[in-house]
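Taking it in order: structure first as structure tokens, then the write-up.
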Amino acid sequence: MYYVRSKHYSSGNDSDVSLSTTSDNAVANNATGSSTSATSKTTITTTSEIEITEIAKEGEKADPSQFELLSMIGQGSFGKVLLVKKTRGRDAGQLFAMKILKKATLKVRDRYRTKAERDILTRFHHPFIVRLHYAFQTEGKLYLILDFLPGGDLFNRLSKEIMFTEDDVKFYLAEIALALGHLHSLGIAYRDLKPENVLLDADGHINLTDFGLSKESVERNSKTYSFCGTVEYMAPEVVNRRGHTVAADWWSLGVLMYEMLTGDLPFHGSNRRETMSMILRAKLTMPQSLSAGAQHLLRALFKRNPANRLGCSSDDVKQIKSHPFFDTINWEKLYRREVQPPFKPSCTPSNHTRCFDPEFTKKSPNDSPALPPSATAHELFRGFSYVAPSILSSDKPGLSVNALNSHHQDAEKTHILDEYNFSENLGIGSFSVCKRCVHRKSGAEFAVKKGKRDATEEIDILKRYSHHPNVVKLYAVYEDSANVYLVEEMCRGGELLNRIMSLKHFSEREAAAVMLRLANAISYLHSNQVVHRDLKPSNIMYASQTADPDSIRIIDFGFAKQLRAENGLLMTPCYTAQFVAPEILKKQGYDMNCDVWSLGVLLFTMLSGETPFAASENDSPQKILKRVGEGKYSVNGQAWTNISEQAKDLVRRLLHADPFKRLSAKQILTHPWIVHLNSLPTIRLNFFNDPSKVMDALDKTYHALTSSTTTSLPLRPVIESALARRRRLNRLKSITINDDIIEVADPVLINACNVATS
């Protein structure tokens, strides 16, 4: 959620909980045997003046008229967040997030939350903490103008991908640790760390947000006794209310680490009471799939006694940074944002909010009038106005409207037809059309893929991995109300097999050179846990008309996925004609070996001019699928007479029906046929079949499979998985109280917590 929690994330409605107020001292006295009641109520009148300690800086003050409202990106019980563009001043044209709070709907706890958040945000400037640029008020509303972070929150990404790789988790944890360490050095306990409060900027770096539950003046040897936060992420000492320090944040970091690595929470019962009991007593189940370093760090963070927890000493974040799990992190470069994030959000110049929940973005971004709660409402927040010093020096302004397009950052127009001229079709697929296009300003030629499907995963993968020399380059992304447009590298050399079979001279050595490039690219993708899943001939092209092997490009990542299941297998059947591994057909799940199988089919066809499982264009899909499932093919016959035994051996190893006996892409690179390619025969391979008939047979099989309701299986997005559905049903709620307002939970449980060992 962005800044203001949606109804899914907010704490229980007022009708669901009863509230009482008490000070930290009162709770402390109660914990030490004082007769002061922890539930005794303190009267707080609604006209009490809320003092703001930091008054406005000198500079250009802001007001609502200086901002153009673009879109809603978040909403809560007492306010909403809008994407806005500054229309006047030195930062005109910059995008910001405008948090709007109605004074009349702010309860006592919300007023103190808002005060705390505003005060804390004015105290520091850190690369991994969201920045406050302006604060101002009208008679009926409060406004906070913050960084706009177009990547959305970590919760949304985790919901889509279910879990992250250890390298991804290491990066996010390291940046979060630096942010927490900075807060702790200022005596601030964050107290609400969870994926919903970790935002991603345009480059993929994290920013902590939502400081309403944070506590200032928490010294190392002093404690605060509030019961606040999100239960699933609470440290035991917060749950039992025996007093906590900033060390409680390191427990929450462990919970977040566990969730990112496994897709599940370490302590999560069927209700709040059960969850709290598990936090205090349950034994942690440590997945053995995690590395030894990850397991050790989790155990160090999950110490129920905070005195034994990693990060509890005066060294604080230094202890975290020195853990072996982070040995590969260069902390100085990380702080300077010089370490490349593992994931770059798919921002488009025409849709800045693609990473946000449509539940909000589809609503009108109106700033409706609001009546003040009383005649003295404005004075309740005296000194609320604020202008960040950086506004005068342009140090880290809001995200520019023009900075989202990775191809030409000075673009002023955002519709693709304003910047590119479209021409003929290059190819038509099941879900997209590829056209040739020319950039109006530079005259450069590109291929644009136009599709109606959600291309988020494809865009994300290409942005992360298209720098590989044999992966098609992604230059820009556009989006309108009907389509997504991917501007990609133009491949002028045509499809691989079409080009090979039309050549007058193609040798076994040249086939090995092609396979070397393909195996290298697939090995690179697999090392980053990416599977292509659709390596058919039409998706492997030459960028150059010379058919140079170095110009080979793997294209169309529409079916590509990051592996995220616990066993490394993908369970969404997706196949195309000849290039189908047996385990897909048997619905057993599949992993990277599927791409290896497809490479085997390509190698078979390159060497023989035949397809391994379709004898002719007249073969029925059922007959082809039966042969694929049984793994029946032959490397004998006239077409294979002059093929070396090493080549045949590699074909057999790639087309093995048992995926566990199949070579990996990395192992292909060490096979003798590849290693000694310079000594392979250069004589022309004899293709006895008519190339057009071979390709026709493949095409007809593709169409038969994709149109058959009896054999074709639908490809479903990861977000529809059972685990993703469970996450959506269990979006976690914060107990949105401050240090002077305590939510009364189950009295029996609280009493049990107070006597539980920590």
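Along the chain as shown, the residues are counted starting at 1.
Quick reminder: no glycine exception, Cβ is built from N, Cα and C everywhere.
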Practice item. Choose the correct range: of 1-21, 106-126, 211-231, 400-420, which one does TrEMBL annotate as region 'Disordered'? Give that range. Key: 1-21
Review point. For Phe431 (ATP binding site) and Asp192 (active site, proton acceptor), what Cα-Cα distance in Å is obtained after rounding to a whole number?
Key: 42
Check your understanding: Relative to the Cβ of Gly427 (ATP binding site), which residues of the same chain, six or more apart in sequence, are found under 8 Å away?
Key -> Val433, Cys434, Ser538
Review point. Could you give the Cα-Cα distance between Asp192 (active site, proton acceptor) and Lys449 (ATP binding site), in whole Å?
Key: 42
